[in-house]
Amino acid sequence: MSITKEFDTITAISTPLGEGAIGIVRLSGTDALAIAQSVFKGKNLEQVASHTINYGHIIDPKTGTIIDEVMVSVMLAPKTFTRENVVEINTHGGIAVTNEILQLLIRQGARMAEPGEFTKRAFLNGRVDLTQAEAVMDIIRAKTDKAMTIAVKQLDGSLSQLINDTRQEILNTLAQVEVNIDYPEYDDVEEMTTALLREKTQEFQSLLENLLRTAKRGKILREGLSTAIIGRPNVGKSSLLNNLLREDKAIVTDIAGTTRDVIEEYVNIKGVPLKLVDTAGIRETDDLVEQIGVERSKKALQEADLVLLVLNASEKLTDQDRALLNLSQDSNRIILLNKTDLEQKIELEQLPDDYIPISVLTNQNINLIEDRINQLFFDNAGLVEQDATYLSNARHISLIEKAVQSLEAVNDGLALGMPVDLLQVDLTRTWEILGEITGDAAPDELITQLFSQFCLGK
């Protein structure tokens, strides 16, 4: 991407397309004020104070036609999100009016922004680093308040600060090692340098490994738990799904095989987003459509983070029940004995001891499912510690793992008695890898790819 294109004036609709109370068309760049003024009838936007909202009308400069009655926000560089002049035109919501204003601005000299380009400019102008830019999208995509809390902390710079501090410490260590090698003042300088490198490398490794330990929790809160609801036909899987969702999404009848495919929905369980997959009942069937659903159910079971196995407590165990118990035994599984409001006939002695008796009809013990999920995945600890920094982004996790591997190579080399100057290479590589997280050492291709995943207008 050319420098000219990076820093021309861009525009986009920043609110979702469709009907709504308010629509926002955003401008950013050197000519933002002049372009906005060319279609605005009201105060002179190039003379108003920064961070003010100004009433007026958007007009077509060629015909003089009024397009809409608007409020225009003016924010002057550098105290803006992009650190450029920014104008936001607040219109009445609607596809026609926002698109008409957008086309006017483009005709007056603005360029249509690419996905994520406003945030990309904030990054290029030093307003945010790469982790903070990614946090913007995480906030937009957050499915629960806990996921949003983690993203907001990242946007606030908690992860950036930790990474930058570690990189600085690594740089200080490399400088000290270099001085000791090039300007030895003591006879035992080699032993001193080796001891320093061992101490600091172990310190860095411990810090990054502690950060990695937050990844499981952070990733779950960011992306959710893929949860398969399995069981033979007509044991109450769809009723359980509807109960958790608190709305009727799945067909509930007394006819076996009414769920003929996989139904997916998200539900918030105490701050954890569960991607609930209601599977077709797993059984032998001659119905071709249902057979396809059964095969998809087996695949969903294999890929799930969590399995909710539903059994009918009012009937004796069947061969299908036993097959599902065996099939799911290596999974993170919660066994639910449904229909406990009826006479119990199931053989409890043939089941593991950790089952939960429930009644979807009466809501009995549904809350215990949430408690068991907390026990399985969070060791009964709180989901988010207020002052903790969490890894939740797969890119960050992968790079931290690579950084730890580089530090392990340094420690292994020290144990083998390798020369310190050779081990500097791996420590330098650790410093570079951590720089990829914040964007200080990230290739242009990666930056372009990351911002292309953003929505238009952000």
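For all residues, glycine too, the Cβ spot is worked out from N, Cα and C.
Fair warning: this is a prediction, and the values are worked out from it, not measured in the lab.
Residues or ranges marked as (6S)-5-formyl-5,6,7,8-tetrahydrofolate binding site by Swiss-Prot on the basis of sequence analysis: Arg26, Glu88, Arg127, Lys458. Sequence annotations record features per position, and here Swiss-Prot assigns domain 'TrmE-type G' to 224-378. Feature annotation from Swiss-Prot assigns GTP binding site to 234-239, 253-259, 278-281. Look at Swiss-Prot and you will find Asn234, Thr253, Ile255, Thr258 tagged as K(+) binding site. Taken from Swiss-Prot, the feature Mg(2+) binding site covers Ser238, Thr259, and the record attributes it to sequence analysis.
Annotated features, which come from Swiss-Prot, shown on the structure.
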residue	record	Cβ within 10 Å
Arg26	(6S)-5-formyl-5,6,7,8-tetrahydrofolate binding site	24
Glu88	(6S)-5-formyl-5,6,7,8-tetrahydrofolate binding site	19
Arg127	(6S)-5-formyl-5,6,7,8-tetrahydrofolate binding site	18
Asn234	GTP binding site	20
Lys237	GTP binding site	29
Ser238	Mg(2+) binding site	25
Lys458	(6S)-5-formyl-5,6,7,8-tetrahydrofolate binding site	20
Inset, instruction - Express the distance between the Cα positions of Glu88 ((6S)-5-formyl-5,6,7,8-tetrahydrofolate binding site) and Ser238 (Mg(2+) binding site) as a whole number of Å. - result: 46
Inset, instruction - Using Arg26 ((6S)-5-formyl-5,6,7,8-tetrahydrofolate binding site) as the reference point, find which of the binding-site residues Asn234, Lys237, Ser238 has the shortest Cα-to-Cα distance to it. - result: Ser238
Legend entry - Confidence summary for the domain 'TrmE-type G' (224-378), mean pLDDT rounded: 75
Inset, instruction - Can you grab the distance from Lys458 ((6S)-5-formyl-5,6,7,8-tetrahydrofolate binding site) over to Asn234 (GTP binding site)? Cα atoms, rounded to a whole Å. - result: 46
Inset, instruction - Fill in the CA-CA distance, Lys237 (GTP binding site) to Arg127 ((6S)-5-formyl-5,6,7,8-tetrahydrofolate binding site), as an integer in Å. - result: 49
Legend entry - Whole-number Å value of the largest CA-CA distance among Arg26, Glu88, Arg127, Lys458, listed as (6S)-5-formyl-5,6,7,8-tetrahydrofolate-binding: 19
Legend entry - Rounded Cα separation (Å) that holds between Arg127 ((6S)-5-formyl-5,6,7,8-tetrahydrofolate binding site) and Asn234 (GTP binding site): 56
